[in-house]
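Engineer: According to TrEMBL, the protein has these features:
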type	residues	note
DOMAIN	13-56	domain 'DC1'
DOMAIN	67-115	domain 'DC1'
DOMAIN	126-170	domain 'DC1'
REGION	181-203	region 'Disordered'
COMPBIAS	181-194	compositional bias 'Low complexity'
TRANSMEM	268-289	transmembrane segment
Amino acid sequence: MAPLTKKKTIVHFTHPGHQLSEVFENQEYLCDGCKTHGIGTRYRCNACDFDLHEHCGTCPMTLSTFMHPQHQLQLVVRKPQGTRQIERICDVCGDHVEGLFYRCKLCEFDVHPLCTQLPQDVRHVLHPQHPLRLQQAPSGYLCMVCQSECTGWRYRCAVCNCIDIHVGCVLIPCDSNSSPSPSTSMSSPSTSRSVKQPGTPQGLATASPFGGGYAYGVPNYFGTAYPYYNYAVPSGYDTDPYNMYHQAPYGSNQQAAPGGGKKTKKMYLIVGKLALGVVTNIVFGAIGLS
C-alpha cells in the first residue's frame, strides 16, 4: 500500500466557499480556526487572508482522548462575542477558548485542538524511575522545577503521585545531581532545586515511527522541514519560551492570571517539542539538551 500523503488543498467548514491551500511561511500567524498562534506550515486562503493550523484543518469532528475518557469530544465553534452567555476556559491550559475547540457538553469540558496534542506521558531527569503522566491534580503542590504552585493540569508521576511539573517547565534543563524531593504542598517549606536557565534544546531533529500516548495520533509534520515544531522562538515572544504559566522569573511564586493569550501564544511551541521529544525517546530536563 502506498504511504498516505498530506492533502495540499482542503475544504473546511470554518471557511466555506473557498479551498485552503497548504503553504509554508516562517513567520508567526494567528489561526483563524482556534484563535491561537502558530508558525510555519498551515492551510491558507490568500484571497481572504484566512489561516488554519495544519492540525485544525485536519482534526476529526469527534475525538476520543485520555484527557476526558468518559465521553467523546465534539469539535465546535465558539459563538460570536455578542451572543455569548458565559466565557469558556480550556480545561487543560487554563486560557480562554475562542473559535474552534473540542467540547463535552455533558461534563462542560472544553479544550483547544492544539492542547489535545500534548503527549500523555513524558520521561524526566528529576524522576527517571517512572514516566510522568499529564493529569489534573489538586492545587497546592509546587512544581519541582520552578517551585511555583501547580494548578490544574500538570505532568505528575502516576505511580508515586509525588512529582509535579508544569507542562511548560518540563522542557527546562535541570541539575539532576541533587536527589529529587517529592513535590511539596504550599503549606510546607519549599525545596530548593538547581535549575539551569532555559536555552534552545538541541538534538531533536530526527523522528522515529510514531506511537502511543497521544490524544489524537501524532502530528505528521515533525522534522526540520516544518518549523511549526522547531525550536526557534519567533520575534515578538519573550526569551522564555517554556514558561507559559508565569510572567515572573523561574523560582518566583508570583503567577500570572489565567487568560490573556499568554499560554496559547506559546502552546504551539511547547506541544511540538514535547511530542517530538516523546517520539525520539528524550529524557526531558537533561542539561545536555541545552
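Placed from the backbone N, Cα and C atoms, the Cβ positions cover glycine too.
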Engineer: For the domain 'DC1' (67-115), provide the mean pLDDT of the predicted model.
Structural biologist: 89
Engineer: What are the DSSP helix, strand and coil residue counts for the domain 'DC1' (13-56)?
Structural biologist: 3 helix, 24 strand, 17 coil
